[in-house]
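Read the structure below first, then the notes.
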Amino acid sequence: QICNQHNAEAPSLQHVFHRMAQTEPNLDHNISWLLLPSYWAKMVVALISFLCFANSYDGDFVFDDSEAIINNKDLRAETPLGDLWHHDFWGSKLSSNTSHKSYRPLTVLTFRINYFFAGGFYPVGFHVINIILHCTISVLMVDVFSILLGGLQFSNKGRRLNLAPKTSLLAALLFAVHPVHTECVAGIVGRADLLCALFFLLSFLGYCKAFRENKEGHNFSTFWVLVSVILGAVAMLCKEQGITVLGLNAVFDALVINKINVLELIQKLLHKDKSLENTGLLRKGLLFRITLLMSGGASILYIRWRIMGTGPPAFTEVDNPASFADSLFVRAINYNYYYSLNAWLLLCPWWLCFDWSMGCIPLIKSVSDCRIIALAALWFCLIGLICQALCSEDSHKRRILTLGLGFLIIPFLPASNLFFRVGFVIAERVIYLPSIGYCILFTYGFSVLSKQAKKKKILAVAVLGILLINVTRCALRSSQWRSEEQLFRSALSVCPLNAKVHYNVGKNLADKGNQSAAIKYYREAVRLNPKYVHAMNNLGNILKERNELQEAEELLSLAVQIQPDFAAAWMNLGIVQNSLRRFEEAEQSYWTAIKHRKKYPDCYYNLGRLYADLNRHVDALNAWRNATVLKPEHSLAWNNMIILLDNTGNLAQAEAVGREALELIPNDHSLMFSLANVLGKSQKYKESEALFLKAIKANPNAASYHGNLAVLYHRWGNLDLAKKHYEVSLKLDPMAPGTKENYNLLRRKLEQLQKKGG
């Protein structure tokens, strides 16, 4: 038997491969399942994985897509490509204190390519690439599972053989249709996990190629080991989890290639047994390959550390409350509870949520909390599986269970809080790679049950039912990811205690103009989390617009008291104080906002409005000029400069500013209108007329545009056209100030001219 080979002289790797197929039990013999040729199996997996998520292809940019894509300057052509290597996933400098240190330049590069070929922010192309990536990964899983479940063997021609076609197909289908993958596929930001998984699998398959017999007769290829390390580095440049593939390659090498019995090895190490060379640990090449993997991994991590800088990512208590708990016991209990919830999402992926933070999962603070049962259940299962993986006399069982646990646990380690604090409680996207281990364990369990069951077809039908349910759940969940409204509302029933869910529902409603409903959700968000400064800020903004200034000021004052460096709240507080005519306090609030956010064009704009109200014209112009320097397309600041200069009689300067603004924003009809007014007063009637007509063409329903053009014609002496545009203006806005009086003056003048002509 294979388990006794450790006591014999180590055979050549080629000999091991050929004997493996003959001596190890085949999982496929135990199950009643469709047997398809490899090509057709991959076609089926690709088709079903496509059907699961196809309805997300025309979805919007949702949730984190706004920050990672729409607001990310690294996607635009004007940003040098070299900046991608110094910025984090969200476009911030890695050296910044506010950076999350998520270094994924290759993922951002694919977003940039998407943006370039689409000619802008059109989400269809982004979604299609995500769907294609998931289909590709699912197809690769057929090969990966055939190795993990059936072993690694090559034909005499060097072609890898699939020794478990049925079970590898089943495992690949389980992976392809798992609903927990919806966030990665339907959410565009999930591209990071998809690309990471793609290169993760390519690295693993590349490592397997290292053991294909070549013409020189070597037992392994150093070239393919190095290729595997490089692909692991590429995977990490897509997302941090990618580096874990090197650890899994080492585990695979020890268990499958060298057939090491882990328990036997541990016993010999503990007893300092001199026969360690017979365990397979010192077989030719193993230590060399492990050294290559470890040195490669260490080099990659060092370079990553140098690029990222020594500072840790900046997270807050609401992102991951357990990590901020003072008690080590509370932290440990809650981390383990999070692990059990992740395991439950793999087993029963029915309750899915885009965000699990902010009170969604209250902390366990006492052993009397009934949720402790979940921890006990998790560790009972894990310890049972580990014991079987170590102690079973069946080497085939040991290998599959160990590989299953390895793929389940090792890729999850970066998200486990064990080595560093992470910025989430639970994130469905991080289970994408660990679900490989779940699929291995599920398939092995199904095979064992089938072997013992008398009616194997009933069991097969049950598994088929699970697959169909998962396909349906994927389709439903991916449709929820198509729009923010559906996504946010779907979370209300899953995480009703999550303040961020209520905040996002409120924000979505506010963006659509439904302020009354938005207020309700913002208030609930603040009730659930009394320190939720962003909810306070947005609620204060709405109340300000509804002229409920007293409550707005209270909320915004509380927000800056909780978070003194919250620049947006300081600015909004300044706007409220300005409306309450407390000008000195407003000015102080604006400058505090600018202190905390140096480049804040909107704040300079509002500061300029304050100075204009106080007749501090020079200060107002300087503030608006600062706004346009920081944001050249700031139309409101340009307009206010033109209007102020116009009102103070500085027509030449107003004209110069207007022309400068139109060079930067040539299609802004409000700037055309303001400059046209200035030119009309300067008696440059022809040029003024041209700008008025261009503005009207861009915005034909603006009553003031027609009214002021009528005034221009009135001054110019073109009375018929003046009459025409006065009438259009009054039709659009019968209450337009001054227009009716001017129109009546024109009519009297026309009547006088008719009398003289008569």
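Each position is counted from 1, following the chain as shown.
Note: Cβ is positioned from N, Cα and C throughout, glycine not excepted.
The list of residues near the transmembrane segment (39-57) in space but at least 6 beyond its ends in sequence, with Cβ under 8 angstroms from a Cβ of it, reads 124, 127-128, 130-131, 134-135, 138-139, 141-142, 165, 168-169, 172-173, 176-177, 182, 185-186, 470-471, 474-475, 478-479, 481-482. Residues annotated as transmembrane segment in TrEMBL: 39-57 (among others).
Among the features that TrEMBL reports, transmembrane segment is placed at 131-151 (among others). Listed as Cβ neighbours of the transmembrane segment (131-151) (distance under 8 Å, sequence separation of 6 or more from its ends, same chain) are residues 20-21, 24, 26-28, 38, 41-42, 45-46, 49-50, 53-54, 56-57, 160, 162-165, 167-169, 171-172, 175-176, 181, 184-185, 191, 194-195, 197-198, 201-202, 204-205, 208, 256, 399-400, 403-404, 407, 436, 439-440, 443-444.
Only residues 6 or more beyond the boundaries of the transmembrane segment (163-182), in the same chain, are considered here, and those with a CB under 8 A from a CB of the stretch are 21, 26-28, 31, 33-36, 38, 41, 44-45, 48-49, 52-53, 134-135, 138-139, 141-143, 145-146, 149-151, 153, 345-346, 349-350, 352, 428, 431-432, 435-436, 438-440, 442-443, 446-447, 463, 467, 470-471, 473-474, 477-478, 481. Among the features that TrEMBL reports, transmembrane segment is placed at 163-182 (among others).
Look at TrEMBL and you will find 188-208 (among others) tagged as transmembrane segment.
What TrEMBL records for 220-237 (among others) is transmembrane segment.
The transmembrane segment annotation in TrEMBL covers 243-266 (among others).
The transmembrane segment annotation in TrEMBL covers 286-305 (among others). Long-range contacts of the transmembrane segment (286-305) within the same chain: residues 103, 210, 220, 222, 225-226, 228-229, 232-233, 236, 243, 246-247, 249-250, 253-254, 257-258, 280, each at least 6 residues beyond the stretch ends and with a Cβ under 8 Å from a Cβ of the stretch.
Residues or ranges marked as domain 'DUF1736' by TrEMBL: 311-383.
Beyond its flanks by at least six residues, the transmembrane segment (372-391) meets 262-263, 333, 336-337, 339-341, 343-344, 364, 397-398, 401-402, 404-405, 441 of its own chain at Cβ-Cβ distances under 8 Å. Annotated transmembrane segment per TrEMBL: 372-391 (among others), in sequence order.
Among the features that TrEMBL reports, transmembrane segment is placed at 403-424 (among others).
Annotation comment: TrEMBL describes 430-449 (among others) as transmembrane segment.
Summarising the annotation, TrEMBL assigns transmembrane segment to 458-476 (among others). Long-range Cβ contacts of the transmembrane segment (458-476) within its own chain (Cβ-Cβ under 8 Å, at least 6 residues beyond either end) map to 31-33, 48, 51-53, 55, 170, 173-174, 177-179, 181-182, 349-350, 446, 449-450.
Counting only same-chain residues 6+ beyond the ends of the repeat 'TPR' (499-532), those with a CB under 8 A from a CB of the stretch are 63, 318, 353, 355, 357-360, 484-485, 488-489, 491-492, 538-539, 542-543, 545-546, 555, 562. Among the features that TrEMBL reports, repeat 'TPR' is placed at 499-532 (among others).
According to TrEMBL, the repeat 'TPR' annotation covers 533-566 (among others). Regional average pLDDT for the repeat 'TPR' (533-566) in the model is 95.
The repeat 'TPR' annotation in TrEMBL covers 601-634 (among others). Remote same-chain residues near the repeat 'TPR' (601-634) are listed as 567, 571, 574-575, 578, 583, 586-587, 590-591, 593-594, 640-641, 644-645, 648, 661, 664-665 (criterion: CB distance under 8 Å, separation of at least six residues from the stretch ends).
Tertiary proximity for the repeat 'TPR' (703-736) is limited to same-chain residues at least six positions away from its ends with a CB under 8 Å from its CB atoms, namely 669, 673, 676-677, 680, 685, 688-689, 692-693, 695-696, 742-743, 746-747, 749-750, 753. Summarising the annotation, TrEMBL assigns repeat 'TPR' to 703-736 (among others).
Counting same-chain residues at least six beyond the ends of the transmembrane segment (430-449), those with a Cβ under 8 angstroms from any Cβ of the stretch are 27, 30-31, 141, 144-145, 148-149, 167, 170-172, 174-175, 178, 180-181, 184, 190, 193-194, 196-197, 200, 241, 244, 342, 345-347, 385, 400-401, 403-409, 411-412, 414-415, 459, 463. Under DSSP, residues within the repeat 'TPR' (533-566) fall into helix, strand and coil as 27 helix, 0 strand, 7 coil.
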